[in-house]
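Read through the structure below, which is laid out as structure tokens, and then see the notes.
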Amino acid sequence: MATDLKLVVGLGNPGAKYAGTRHNIGFMALELLGERSGFSFRQQAKLHGLAADTGVGEQRLRLLMPQTYMNDSGRAIRAALDWFGLEPHQLLVLVDDMDLPLGRLRLRAQGSAGGHNGLRSTIQHLGTQAFPRLRIGIGAPAENPAERRVRTVSHVLGPFSKVEQPCVGAVLDAVLDGIQRLQRQSFERAGTWINGFRYDLEPVD
């Protein structure tokens, strides 16, 4: 049986300053979906974000990019669930994950914030960890823990390199494919495909 997916939220920070950064890969996925499907996002004050919808009937999907900044994403998600009369299990959050290499995806039905402020805010506002999230690997700035801490902010708020762009494109394609699979397949079956996705960067000479 297909999942009851009704709302997809991409996490990120608003404004041109953050466009295309690693932290905004959730936004990038929804923007690509809009470009390919021919719809545009509009500011919805009551939802604290840019919203759109696609599909009809049982395949209708609400889309949201919170404009609250990452650390307050949960406020927009709570507002959207309330406005559309949805439950947390009908939600999918697209979120960057520094603990996953670029080129990997992880679908989970629930879980902790894992140090991600956008997920932390969402858990706080929903009052539960039980909502699906698709973690999109962006890679870590360093393997050494101390160096990683120092470079985390500049890493997540920085752009993808030219070498990484083909991988980013493949990842975004896979995210959109994964969303379609979640609409047609069970969570477990879609998750098997999503979690098995792998795109390796070409080695640099």
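One-based numbering along the chain as shown.
Keep in mind that glycine also has a Cβ here, set from the backbone N, Cα and C atoms.
Listed in Swiss-Prot:
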SITE      N13  site 'Discriminates between blocked and unblocked aminoacyl-tRNA'
BINDING   Y18, Y69, N71, N117  tRNA binding site
ACT_SITE  H23  active site, proton acceptor
SITE      D96  site 'Stabilizes the basic form of H active site to accept a proton'
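This view paints the features noted in Swiss-Prot onto the structure.
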residue: N13; record: site 'Discriminates between blocked and unblocked aminoacyl-tRNA'; DSSP (3 states): coil
residue: Y18; record: tRNA binding site; DSSP (3 states): helix
residue: H23; record: active site, proton acceptor; DSSP (3 states): helix
residue: Y69; record: tRNA binding site; DSSP (3 states): coil
residue: D96; record: site 'Stabilizes the basic form of H active site to accept a proton'; DSSP (3 states): strand
residue: N117; record: tRNA binding site; DSSP (3 states): helix
Task: Spatial separation of D96 (site 'Stabilizes the basic form of H active site to accept a proton') from N71 (tRNA binding site) - C-alpha basis, Å - done: 13
Task: C-alpha spacing of H23 (active site, proton acceptor) relative to Y69 (tRNA binding site), in angstrom - done: 11
Open item on the list: Using the alpha carbons only, what distance in Å do you get between N117 (tRNA binding site) and D96 (site 'Stabilizes the basic form of H active site to accept a proton') once rounded?
Closed with: 11
Task: For N13 (site 'Discriminates between blocked and unblocked aminoacyl-tRNA'), nearby residues of its own chain (Cβ under 8 Å, 6 or more apart in sequence) - done: T21, H23, N24, Y69, M70, L157
- [ ] Compute the C-alpha separation of D96 (site 'Stabilizes the basic form of H active site to accept a proton') from Y18 (tRNA binding site), stating it in Å without decimals.
- [x] 14
Open item on the list: Same chain, not part of Y18, Y69, N71, N117: whose C-beta falls within 8 angstroms of the C-beta centre of the tRNA site? Give them in sequence order.
Closed with: N13, H23, T68, M70, D72, S73, G118
